[in-house]
Amino acid sequence: MYKALIFTVLLVSAVAPVRSLDPPLNDDVLGLIVFKADLRDPEQKLASWNEDDYTPCSWNGVKCHPRTNRVTELNLDGFSLSGRIGRGLLQLQFLHKLSLSNNNLTGIINPNMLLSLVNLKVVDLSSNGLSGSLPDEFFRQCGSLRVLSLAKNKLTGKIPVSISSCSSLAALNLSSNGFSGSMPLGIWSLNTLRSLDLSRNELEGEFPEKIDRLNNLRALDLSRNRLSGPIPSEIGSCMLLKTIDLSENSLSGSLPNTFQQLSLCYSLNLGKNALEGEVPKWIGEMRSLETLDLSMNKFSGQVPDSIGNLLALKVLNFSGNGLIGSLPVSTANCINLLALDLSGNSLTGKLPMWLFQDGSRDVSALKNDNSTGGIKKIQVLDLSHNAFSGEIGAGLGDLRDLEGLHLSRNSLTGPIPSTIGELKHLSVLDVSHNQLNGMIPRETGGAVSLEELRLENNLLEGNIPSSIKNCSSLRSLILSHNKLLGSIPPELAKLTRLEEVDLSFNELAGTLPKQLANLGYLHTFNISHNHLFGELPAGGIFNGLSPSSVSGNPGICGAVVNKSCPAISPKPIVLNPNATFDPYNGEIVPPGAGHKRILLSISSLIAISAAAAIVVGVIAITVLNLRVRASTVSRSAVPLTFSGGDDFSRSPTTDSNSGKLVMFSGEPDFSTGTHALLNKDCELGRGGFGAVYRTVIRDGYPVAIKKLTVSSLVKSQDEFEREVKKLGKLRHSNLVKLEGYYWTTSLQLLIYEFLSGGSLYKQLHEAPGGNSSLSWNDRFNIILGTAKCLAYLHQSNIIHYNIKSSNVLLDSSGEPKVGDYGLARLLPMLDRYVLSSKIQSALGYMAPEFACRTVKITEKCDVYGFGVLVLEVVTGKKPVEYMEDDVVVLCDMVREALEDGRADECIDPRLQGKFPVEEAVAVIKLGLICTSQVPSSRPHMGEAVNILRMIRCPSGSSDELGSS
């Protein structure tokens, strides 16, 4: 019996340790599972949390003590969790760190959290949607707490006075909530605090004097509250302070001189208060300062000369005060300045020349020579709303890092320096409301990062420089109230990001470029009080433009001003290219005749009659000959005959042999009947939509005429003319220009500019001796130019459908121009069978979706054709080549070579190795990406342009490549 009792005791004592370990482990698992049940986990970040697990130590976001296996840390930052913080956490008795920041948690914070979890040292619940108030006893047992962040929530009420119990607290962040009332005095007894952030709340009352107790404080942020009264001088006792932000309160009085004791302070922000007095000279003793912001206060007097002692200063903001006098020359000593803002004061004197000089001499030299200075690192310079005079120094171009230049509302004179074009990072230039004169320098286009250009209310004259087209990021262009002359440059339409344009109150003349209607982001457009005339562009912002935006231009017409435009008919064909056509009386007026009638003598009339008789005879004989030959000989040329006089100018006649010819330029048209023939001897080539002939107009000016062979499919005359006129408005440096068109019911012609360089196909595959003269740089520029053109077409909602090397033409200087664009718009419906039959000559270029009726045809079919073209240009091979017993598809061949690491072997051997291999291989990879079988996997053409620019200029500078 006794032995059995001893055995039982030993057994219980042996099992007891095991039983003592099991329940706590189960408590941790149970607590976390209960906590998870209150959450929504859209990204399945808590999928590893399994209630059947013996221990949670391997769960995502959970960390345990290595010896006891108890949960000590729970870190679920940024898990996209939503729901509430449930009671399950209270089971984690050994938890040291709880971090749930950057989620979408809502509800209240459990008032017993800190009471139950007495081992907590770090609590971070910031950046959630927690609400409610904290009860007074919330902090009653927080002696172990070292870090507490409840920032960026929706907490309200007063900060509990029990905060004083957190005797070990080193960092307290309650910012960006709705806490109100005064700051509890208990905070100022936490002498372990290193960081205190109560900013962006609704705290009120005076700044406590007991701040001197926080002698370990390094960072203090009480900004954006309602604090009032003076800044206590006791703040100088916190000698370890490095950052102080008391901005956006209602603090008053002068700066306490104890600030100068804060030798470690590198950031002092007191902006947007009611502080007054002079900026003290002792400010120069705070030599560690990198940021000094006293803006939007009531400071007066001059900027102290001691400011030059702050050699580490990076940001100096004294804006919005009542400072007077000139800018001290010692400021030039602050060679590390990145931002200088003195706007909104009453500073006077000439604009210091040292501001715009990249000098290196010290202040002693500056006192004798104001032409040098040292703030060459400056990024933002704002001296606006002062009374500075003088000129902007030419040394402005030395400030290569400048991003914002604000000199508006001063009394500056002289020209805008041409060196403005050297500021490649400049995004804002505002020199408005001054007395600047001269012209807008054409070098302005060199500031390629410009987003905002404000030059209004000056005395500027001359033209708006077309080089402004290079500022492709420009959003705001304000040039009003100047003396600008000339016309509005059509290049403005290339600034596709423009949102605001104001050219009012100038001397501009001419018509408005129609392309401005394509600016999709434009919401403000003002051209009032100029000398502009003609019809307003149709579409875009111009459909809802306010009449006041165009007032003061008597010649403007259109629906906006409720004034119809005079119907000026197309000019008829005349033999004298120097003559003009009077649209009001239908007469041809020779040069120098003005509006006078020409009186013909009798001998002249006889001569004209005789000539007319001869012409009639010749025509009669010609007609007879043609009738005889018509049955046996096919025509070798198609004569173009036109209705004469007023009939031509209005509409085609009912005679099928008469037609309507319109030249968009308005210039006189065909010079002789012979040149108006589509002679087969002058045929340049044939495609799916018709043949192309070369002919001459306007005293030997060559053009290319495409005779459409889809007459049975072409739309009606009205639809045809409407679509062709849209195509005629397209303008791009890499687009073949459409000069005009000709229409009859049986014959339709499109008249293009003639390009002497021939097609890319001939340059690649039909060069004499098989030796193409295209260098690698030529080929890269052709690829880039083609890409930019297609991007422009897609931006204009036009799909090419037929991109291939024979449709890429070269001008005399080798620049590529894309032709045959928009022809599919002339078909009555974009039927894929019709399209595929018309572009069947583009074998190898056709995107695979043409063969699948369930896939929508988009601009990605052009991307596919472009990709094939890229590979063709780089390799010099045709898209499809037929061998004796095989067919080689270029895309497949190159893709296989790339996978085998032999991409460089595909490059055209005619280049003889004279090309950068890495660049060529990168271009090949782009071509293969563009030829993806899945349309959505192909890039947009705009993306392709950017990729090409990055390939050529990896550093990010694409100046040498131009802009689209």
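Glycine is no exception: its Cβ is also placed from the backbone N, Cα and C atoms.
These numbers come from a predicted model, not from an experiment.
What Swiss-Prot records for LEU684, GLY685, ARG686, GLY687, GLY688, PHE689, GLY690, ALA691, VAL692, LYS706 is ATP binding site. Per Swiss-Prot, the feature domain 'Protein kinase' maps to 678-951. Annotation source Swiss-Prot lists N-linked glycosylation site at ASN104, ASN173, ASN317, ASN370, ASN470, ASN526, ASN562, ASN578. Look at Swiss-Prot and you will find 92-116 tagged as repeat 'LRR 1', backed by sequence analysis. Marked as repeat 'LRR 4' by Swiss-Prot: 168-190. Look at Swiss-Prot and you will find 191-214 tagged as repeat 'LRR 5', backed by sequence analysis. Residues or ranges marked as repeat 'LRR 7' by Swiss-Prot on the basis of sequence analysis: 240-261. For 263-286, the entry in Swiss-Prot reads repeat 'LRR 8', with the evidence type sequence analysis. Swiss-Prot lists 312-334 with the feature repeat 'LRR 10'. Residues or ranges marked as repeat 'LRR 11' in Swiss-Prot (evidence: sequence analysis): 335-358. Residues or ranges marked as repeat 'LRR 12' by Swiss-Prot: 375-399. The repeat 'LRR 13' annotation in Swiss-Prot covers 400-423 and is backed by sequence analysis. Sequence annotations record features per position, and here Swiss-Prot assigns repeat 'LRR 14' to 425-447 based on sequence analysis. Among the features that Swiss-Prot reports, repeat 'LRR 15' is placed at 448-471. Annotation comment: Swiss-Prot describes 472-495 as repeat 'LRR 16'. Taken from Swiss-Prot, the feature signal peptide covers 1-20, and the record attributes it to sequence analysis. Annotated topological domain 'Extracellular' per Swiss-Prot: 21-603, in sequence order, evidence recorded as a curator's inference. Under the heading topological domain 'Cytoplasmic', Swiss-Prot lists 625-964, citing a curator's inference as support. Taken from Swiss-Prot, the feature transmembrane segment covers 604-624, and the record attributes it to sequence analysis.
Projection of Swiss-Prot feature records onto the structure.
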residue : record                      : contacts (Cβ under 8 Å, 6+ apart)
ASN104  : N-linked glycosylation site : SER80, LEU81, SER82, ASN128, GLY129
ASN173  : N-linked glycosylation site : SER126, LEU148, SER149, LEU150, ALA151, SER195, ASP197
ASN317  : N-linked glycosylation site : GLY271, LEU292, ASP293, LEU294, SER295, ALA339, ASP341
ASN526  : N-linked glycosylation site : SER480, VAL501, ASP502, LEU503, SER504, SER549
ASN562  : N-linked glycosylation site : PRO547
LEU684  : ATP binding site            : VAL692, TYR693, ARG694, ALA704
ARG686  : ATP binding site            : VAL692
Touch test for the repeat 'LRR 12' (375-399) and the repeat 'LRR 8' (263-286), at least 3 Cβ pairs under 8 Å: no
Positions whose Cβ lies under 8 angstroms from the repeat 'LRR 4' (168-190), at least six residues beyond its ends: 126, 142-162, 196-205, 208, 210-211, 213-214, 221
Structural state census, the repeat 'LRR 10' (312-334) (DSSP three-state): 5 helix, 7 strand, 11 coil
Residues from the same chain, set at least six apart from the ends of the repeat 'LRR 8' (263-286), whose C-beta lies under 8 A from its own: 223, 231, 239-255, 257, 292-310, 312, 317-318, 323
Inter-residue C-alpha distance, GLY690 (ATP binding site) and ASN470 (N-linked glycosylation site) (nearest angstrom): 37
Beyond the flanks of the repeat 'LRR 14' (425-447) by at least 6 residues, Cβ under 8 Å: 379, 384, 392, 400-419, 453-471, 473, 478-479, 484
Secondary-structure category, per DSSP, in which ARG686 (ATP binding site) falls: strand
Long-range environment of the repeat 'LRR 7' (240-261) - Cβ separation under 8 angstroms, sequence gap at least 6: 199, 207, 215-234, 267-277, 279-280, 282-283, 285-286, 293
Number of other Cβ atoms within 10 Å of the Cβ of GLY690 (ATP binding site) across all protein chains: 20
Secondary structure of VAL692 (ATP binding site) (DSSP, helix/strand/coil): strand
ASN562 (N-linked glycosylation site): secondary structure state under DSSP, collapsed to three categories: coil
Positions on the same chain near the repeat 'LRR 11' (335-358), where near means CB under 8 A and six or more residues out: 290, 295, 303, 311-327, 329, 366, 370-396, 398-399, 406-407, 410, 412
The repeat 'LRR 4' (168-190): DSSP-derived helix, strand, coil residue counts: 5 helix, 7 strand, 11 coil
Long-range Cβ neighbours of the repeat 'LRR 13' (400-423) (under 8 Å; 6 or more residues past either end): 343, 351, 376-394, 429-441, 443-447, 449, 454-455, 460
